[in-house]
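Everything below concerns the one structure shown next.
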Amino acid sequence: MSSSAPPLSSAGDRYFDGLADKFSRSLYNAPRGDLRLAMLDQLLPQMLRLEQQPVLDIGGGLGQLALWLAARGHPVTMTEPSGEMLAYAKEAFSTANTSTPIEFVQAPLQALEAKTPGPWPLITCHAVLEWLSDPQDAMRRLTALLAPGGQLSLMVFNRDALRFSNVVKGNLEKALSDRLAGTGHRQRLTPISPISHDEVTCWAAENRLQIESVAGIRVFQDYLRQPPQTEAERADLLALEHRYCRSEPHWRLGRYLLYTLIKPEKS
Ligand SMILES: C[S@@+](CC[C@H](N)C(=O)[O-])C[C@H]1O[C@@H](n2cnc3c(N)ncnc32)[C@H](O)[C@@H]1O
């Protein structure tokens, strides 16, 4: 049995204090983390207008996306409530060779209207909403931080893919009773609020955000019976992920769903 994690925040969110080492090891020092970064490296320039505008990166974790954006000349403000994750991100920045500074702010999304109100032309919020007890409220907060005409790059952990992978693994009773979410109380990396595409569509409409584009991240990798063994097989898998990440029906079962949402000039 895995050991307990620190308590949830007062809002019921899972900050990653106590999970930073595990997260770093099991995601980013593993093939699935490499694949996620390779996919984002190709997709973000296709899905966003990147014009070296200032970016607010929310729940930036270990700092990979903040560094990626800074390396492309964006002034980045990276926010993160977990001191442990922020320490990793600062360390990564100090050893990276980027001349654009990153401002680090230790705060949860719920404090940003006061601390970093913007409004921001570009906000990135990747793999955060599923760790919050109220992701619907988070969408309202993200919208308030966006400038008119601004872009939100949102990535969420896909509830439908979680169901599918549980069935593939033989967890039939768990899938049938829809007990898919993690509790956040142990050192597990199963999110407490996995999110469906229908929810994102509904919350976007509630906040008058337009879904400009969507892609599935890891549409095949998690369902492989055998991981790629050679460099050539890894390259083939990446080519397949790229080819099908934005086409029907494959994107719908991506482990993560990546959206570009636009706040209209006039609401
Ligand atoms: C799965 S990690 C994602 C990190 C990074 N964005 C990435 O894509 O690798 C989730 C992050 O959300 C942060 N988080 C949890 N609750 C939050 C909140 N209320 N506001 C902002 N970030 C939060 C956690 O501390 C953690 O670093």
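Keep in mind that glycine also has a Cβ here, set from the backbone N, Cα and C atoms.
Where the annotation comes from TrEMBL, it is an automatic prediction and has not been curated.
These features come from TrEMBL:
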BINDING   Arg36, Gly59, Gly60, Glu80, His126  S-adenosyl-L-methionine binding site
What is the Cβ neighbour count of Arg36 (S-adenosyl-L-methionine binding site) at a 10 Å cut-off, with all protein chains included?
24
Where Arg36 (S-adenosyl-L-methionine binding site) sits in the secondary structure, as DSSP reduces it to three classes:
helix
Among Gly59, Gly60 [binding-site residues], residue with fewest other Cβ within 10 Å:
Gly59
Give me the long-range Cβ neighbours of Glu80 (S-adenosyl-L-methionine binding site): same chain, 6+ apart, Cβ under 8 Å, in sequence order.
Gly59, Gly60, Gly61, Leu86, Ala89, Phe104, Val105, Gln106, Ala107
For Gly59 (S-adenosyl-L-methionine binding site), just give me the three-state DSSP call.
coil
